[in-house]
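> One structure is given below, represented as structure tokens, and several questions about it will come after.
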Amino acid sequence: MGDPKQELRELIGQIKVRLEFLRELGVETFDLYPPARAPQAQIVPEREAVPEAQASASQEASTARRAQPDMMTTTARDTSGRAKIDGNIEEESEVMARSKTTKRSATPPPQETLFGEITPKDEASLPRPGETLEDIRRDIDDCTRCPLHKSRTQIVNSEGNPHARLMFVGEAPGADEDAQGHPFVGRAGQLLNKIIEAIGMKREDVFIGNVNRCRPPQNRTPTASEAATCKPFLLREIAVVRPEVIVVLGNTAMQNLLGTKEGITKMRGRFHDFNGIKVMPTFHPAYLLRDPSKKREAWEDMKKVRDYLNGTLKLD
């Protein structure tokens with residue numbers, strides 16, 4: 001039997017590490033007894049209505065997904081209220097068969113999608129029924145659609161749990177991300193990991209990406225044209241993952257995703273609606289590293305996200 005005193009010392013050490021996470025976020029006090037979690041049935045966010053036949057196909061696809069929980073190829077949601085965007089899974093084989101080099105002589109007409117009207121530059125940017133995250137990556141391929149490809153080291157695709165309840169969206173990769181090929185792996189990414197842990201989750205529980213997948217030279221802000229070229233791929237990922245909450249990090253990412261000209265200081269601190277998905281704007285971790293005084297506000301934002309996902313925050 002182990003030494004009780006040694007076990008107690010180890011437990012105290014773990015608690016100290018946890019409290020250090022919170023201290024770095026600017027937290028000085030917290031509730032000793034958090035409110036009880038509401039029943040699961042009460043926390044499922046509203047979704048857009050799904051036709052009866054489509055819902056049936058979604059349920060069948062959900063059953064198949066639970067039998068083969070592949071991180072990158074699963075195409076359906078479970079039956080807990082997260083409906084798959086389109087039940088027509090049979091079209092997936094047709095999508096995969098299309099040539100990536102096919103060119104159209106004219107720009108496709110605008111198409112009504114889950115995210116409104118999108119006029120892409122090429123067919124690869126159009127949302128497709130029943131597609132997977134792997135399909136989207138296949139369409140992106142070795143992208144040369146905008147000038148950012150000329151200076152990048154590699155494309156930095158979104159990654160994480162394809163069935164995540166929580167998604168983080170940033171602006172664009174930085175130097176560390178460009179070198180390693182993964183989003184949020186530098187100092188800002190380390191702070192983001194601590195924020196995720198502070199709300200009781202792990203990085204592998206969430207889905208993380210950026211509006212742009214190529215690092216802009218000298219980390220400049222992506223132009224409107226560069227963002228517009230890459231944004232449709234992010235919208236397609238959102239359609240596949242279908243998170244309950246998106247935390248959008250920083251001013252540029254927020255304006256691109258929500259289509260607003262308002263600043264982050266005015267938009268943060270409250271949920272916004274994005275086609276049935278709750279969006280919480282907050283400060284980018286890189287900004288928090290430059291101005292630690294803003295960590296307290298970011299922590300307040302993240303507590304609302306945590307409480308909403310736990311069912312203890314009710315929205316009107």
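Cβ coordinates are placed from backbone N, Cα and C, and glycine is handled just like the others.
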> Kindly point out the range from 47-79, 212-244 that TrEMBL annotates with region 'Disordered'.
47-79
> In TrEMBL, which of the ranges 92-116, 117-141 has the region 'Disordered' annotation?
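That would be 92-116, per the region 'Disordered' entry in TrEMBL.
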> Count the residues of the domain 'Uracil-DNA glycosylase-like' (157-303) that DSSP assigns to helix (H, G, I), to strand (E, B) and to coil, and report the three numbers in that order.
72 helix, 25 strand, 50 coil
